[in-house]
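Before any comments, here is the structure.
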Amino acid sequence: MENIMTLPKIKHVRAWFIGGATAEKGAGGGDYHDQGGNHWIDDHIATPMSKYRDYEQSRQSFGINVLGTLIVEVEAENRQTGFAVSTAGEMGCFIVEKHLNRFIEGKCVSDIKLIHDQMLGATMYYSGSGGLVMNTISCVDLALWDLFGKVVGLPVYKLLGGAVRDEIQFYATGARPDLAKEMGFIGGKMPTHWGPHDGDAGIRKDAAMVADMREKCGPDFWLMLDCWMSQDVNYATKLAHACAPFNLKWIEECLPPQQYEGYRELKRNAPAGMMVTSGEHHGTLQSFRTLAETGIDIMQPDVGWCGGLTTLVEIAALAKSRGQLVVPHGSSVYSHHAVITFTNTPFSEFLMTSPDCSTLRPQFDPILLDEPVPVNGRIHKSVLDKPGFGVELNRDCHLKRPYSH
């Protein structure tokens, strides 16, 4: 009988944060909204708060960057470590160090599903269906996958069964699809700048933006709109039809996450050939099942917010059973290792984090070292051939550990 590899147990879990309301501003990292001034990601983008004039010009004005980056590190008995980042900041540190630690330490490094289920069950009474707690659980889950991969010496995508394609092709999210085309991306997704409180004038302005980019990018380059939960069904339907002449590929996250009936109605009334997408701010498998039943075309979970890689794999299987696509929201290497194994993810998202979208900057810069960026809009699977997620923690960042156990 052949010997079976003996796996170590987890000895320590630690949680740090950078950025957020109680630290330095513009820290970037896992909270990619936490950028400095003059950045496209904070420039008059439509949000649920845009109806209040005091908060319509800047997303940071209503506190989109108050959480900061959570960094979770798990250490095995053999002193190998795995880590991950998400958006949960100092509050996420408390949850990890004062609650979730009991489900992690002492477990085998391969006990990922057990730990995941225990974290979900133990936080159910205060987690709801997503948000800060789910972000924290996601971060722990990703750190566990990173550790497991490093212990066995395999990239995470091989732990999931291996790649189903040689490379990942990307569209770019940012204010300049025309620049994205020059960089080799297959499409460009722009934020909307106006909402229902702006009436038909807002629709005309955003449609004019799409028309301008269509002229600059030519007839075949994909163009999409990201509405970031800022609209109602009536406005979203009108906007979709106003943009249809310019071959808009999809309209994204028009409504708040809980408005499932609204998504069903929007899908029913959208122009023929235009896709309706959502999922970035949904958490838990159950919420994605309900979202899938609305008939939307693409589900877009964020692996750092939806419950981690363990949940993302379940969401992809759910979508596949219904003939739907899964195209995760950003998330860099944490998505790369998943989507290259999914048969229903033909492309992926790259979030432009350079201020004017003119250069390629790693999404979670500066917290990750060796974080890859697309070359000519693509990342080959060989780039992912490093143990775990293939990145290291930049300990030169101002890491703060406010709690311990």
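Backbone N, Cα and C define each Cβ position, glycine as well.
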Identity of the Mg(2+)-site residue among Asp226, Asp232, Asp297 (reference: Glu252, Glu280, source: Swiss-Prot) = Asp226
For Glu280 (Mg(2+) binding site), the spatially nearest of the binding-site residues His33, Arg59, Glu349, using Cα atoms, is Glu349
Are there any residues in the same chain, six or more apart in sequence, whose C-beta is under 8 angstroms from the C-beta of Asp226 (Mg(2+) binding site), and if so which?
-> Thr173, Lys189, Met190, Pro191, Thr192, Glu252, Glu253
Listed recorded positions His33, Asp302, Glu349, filtered to Cα within 10 Å of His329 (active site, proton acceptor) | Asp302, Glu349
DSSP state at His33 (substrate binding site), helix/strand/coil | coil
For Asp302 (site 'Increases basicity of active site His'): intrachain residues, at least 6 apart, with Cβ closer than 8 Å = Glu280, His281, Pro328, His329, Gly330, Ser331
Taking DSSP three-state, what's Glu280 (Mg(2+) binding site) in: helix, strand or coil?
-> coil
Binding-site residues compared (Glu252, Glu280, Glu349) - the one with the fewest other Cβ atoms within 10 Å = Glu280
